[in-house]
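Here is the structure we will look at.
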Amino acid sequence: MNMAETQLNPIARPTAPAGFDPAQSGQSQAPSRPKIEINDLNFFYGKYHALKNINLQIPEGKVTAFIGPSGCGKSTLLRTLNKMYALYPEQRAEGEILMDGENLLTTKRDISLLRARIGMVFQKPTPFPMSIYDNIAFGVKMFETLPRSEMDDRVEWALTKAALWNEVKDKLGQSGYGLSGGQQQRLCIARGIAIRPEVLLLDEPCSALDPISTGRIEELIAELKSDYTVVIVTHNMQQAARCSDYTAYMYLGELIEFGDTEKIFIKPVRKETEDYITGRFG
């Protein structure tokens, strides 16, 4: 991508608000094929206004990172994408989250089917209390009826994609709890991709891991984007710079700046972003 292509422009909207200054907006339009388009998103924890008028296009087949200080709303934004908040009546989202033209906030689609399309891996590895094999097969069985031979192939495929197969192929019947922390997190990623989602959400996937395990997860993220749209929340700015194609900086529930990762880290538009990137704030 050349410098001309990385110039930050305002996110495409039907009309621009009065006084809108593209040079100061800090927001860029993602490539022409956004996988997810977020329009005027607001989110509330009861009366607390956690996300404020978020407009963002998440490009297909790329890695997008959400960065910002603790409490800025990046994990909240991530969890709106597959409606994790639906478990809590006091939480609500307003606006649009469009995926293939469908508003995920108002769709009548079964929530489990939505989460099959948009998988999620959490901060702490969460293997199920069952064998390594069954950890992978469990989700698949919810949506597909496969003969044993095909299930075996799916399990091997998912573990291979997660760079774990060679380490566990001789102990598939053993508990997932017996794996190291890094292996457990890769098991959770394998479990997520086994149902073949279109989007994979990663919420601080390396925060509890050692540097070697973190490096393996980062290599895996780079490989996964060839098949999935990946969105990652991270406090580690170096990780965002290494892993992502696009970066969104958030502060106090607002999207401050979004654009090509290299541009965000080398020449951000907004002073708030520069202060955070350089360590003068946050």
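Every residue, even glycine, has its Cβ placed from backbone N, Cα and C.
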Annotated range (Swiss-Prot: region 'Disordered') out of 1-33, 100-132: 1-33
Integer mean pLDDT for the domain 'ABC transporter' (36-277): 94
C-beta crowding around Ser70 (ATP binding site), within 10 angstroms: 8
Coarse DSSP state, helix versus strand versus coil, of Pro69 (ATP binding site): coil
